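**Student:** Dumping what Swiss-Prot says about this protein:
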BINDING   Asp21, Leu22, Asn23, Arg36, His59, Leu60, Gly61, Arg62, Arg113, Arg146  substrate binding site
BINDING   Lys197, Glu314, Gly340, Gly341, Asp342, Thr343  ATP binding site
Amino acid sequence: MSVIKMTDLELAGKRVFIRADLNVPVKDGKVTSDARILASLPTIKLCLEAGAKVMVTSHLGRPTEGEYNEEFSLAPVVNYLNDALDCDVKLAKDYLDGLELNAGELVVLENVRFNKGEKKNEEELSKKYAALCDIFVMDAFGTAHRAQASTHGVGMNAPVACAGPLLAAELEALGKAMSNPERPLVAIVGGSKVSTKLTVLESLSKIADQLVVGGGIANTFIAAEGHNVGKSLYEADLVETAQKLMKECAIPVATDVACAKAFDENAEAEIKHVSEVQDDDMIFDLGPDSTAALAEIIGNAKTILWNGPVGVFEFKNFEAGTAGISKAIAESAGFSVAGGGDTLAAIDKFGIKADVSYISTGGGAFLEFVEGKVLPAVAMLEERAKA
């Protein structure tokens, strides 16, 4: 895909409007998880060091659109940036009719969702955003799947629209994993339901050499092989779909599983062959043989795309499958991309962050990209690059 990159532009003296993803959890006026801000800092620093007049904005939470609500203010983010950048960062509340900035100065524009017309991508608001800048930088992959005034409309109307370093890296990594992957490509899809990941599974079944399924999704595939899954979470109405997918793509299905009689953190894990699962059993994880077999598949992969844990890894007795998969990915010499909330939690839990080639910052956007959907913000950047 062809987009203009911020790093290729002359920024000195220019008014630069960065749409970042600063939607971070806040408690008692303090940022409690700074991962998204940390991811955005390099882009902000690059602009400041280049002598640009820098504006950065984001949404935060879900306020009623068009109404100011202190609970959803970006003020805690401004306080964080003051410390992180060791400079005076201002928060602008009324900015739609213009604001004055000096070169090397940073202003945070208050929560875009306080502006009426943001979510509906209204032209009037988009043009007001665009009038603030010489260069619009889209750097929020996490909201690239939404056509909103601050992610799409502004870019259509700004003098120049480009991809920030974070977004550019994301598109490059996902493109490398999906558009032109080194083979074999192994995709791992976990999660509770086939229905929520059906488009992902269908899309990946067409490009993956092997498609590994885990979590509740795997139970539907175990049932599709004719085995009893007891009281496990599975979708009987999607068994035929699972069988169809298994004909189209190599999907290694678990041969042994970790079961219990109740969904309980302290429940003892009972390892069983899939043919031995009883009517009152609930499958919560892969068994050791299945984990070892999948680890070997991952070990031979040249490209790995990972979305979702393969068991109830939050419970100590049912973490072995996801731990084994994580270890195999960490030890793999292949190019690995991971994304999705639960996946990131697993990466943190098993301490493999440094060993994954690329960790995606987007939840819904990551899934939509993997589904093969066009992301509106990316389509806008491609269109502007042609102009």
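Every residue, even glycine, has its Cβ placed from backbone N, Cα and C.
Just tell me what is around each of these and how deep it sits.
**Tutor:** There are 14 other CB atoms within 10 A of the CB of Gly61 (substrate binding site), with all protein chains counted.
Counting every protein chain shown, 14 other Cβ atoms lie within 10 Å of the Cβ of Glu314 (ATP binding site).
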**Student:** Under 8 Å Cβ-Cβ from Gly341 (ATP binding site), six or more apart in the same chain: what's there?
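**Tutor:** In sequence order, Gly363 meet the Cβ cut-off.
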**Student:** Round to a whole number and give the Cα-to-Cα distance in Å for the pair Thr343 (ATP binding site) and Asn23 (substrate binding site).
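**Tutor:** The Cα atom of Thr343 (ATP binding site) is 19 Å away from the Cα atom of Asn23 (substrate binding site).
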**Student:** Can you tell which of Asn23, Thr343 has the least company, meaning the fewest other C-beta atoms within 10 angstroms of its C-beta, among these binding-site residues?
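**Tutor:** Minimum Cβ neighbour count within 10 Å, taken over the binding-site residues Asn23, Thr343, occurs at Asn23.
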**Student:** Radius 10 Å, atoms counted are CB only; among the binding-site residues Asp21, Asp342, which position scores highest?
**Tutor:** Asp21
**Student:** How many Å lie between the Cα of Lys197 (ATP binding site) and the Cα of Asp21 (substrate binding site)?
**Tutor:** 24
**Student:** Give the distance between the Cα atoms of Gly61 (substrate binding site) and Glu314 (ATP binding site), rounded to the nearest whole Å.
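**Tutor:** Rounded to the nearest whole number, the Cα-Cα distance is 25 Å.
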**Student:** May I ask which residues of the same chain, at least 6 positions away in sequence, place their Cβ under 8 angstroms from the Cβ of His59 (substrate binding site)?
**Tutor:** Asn23, Asn111, Val112, Arg113, Glu118, Thr143, Ser150
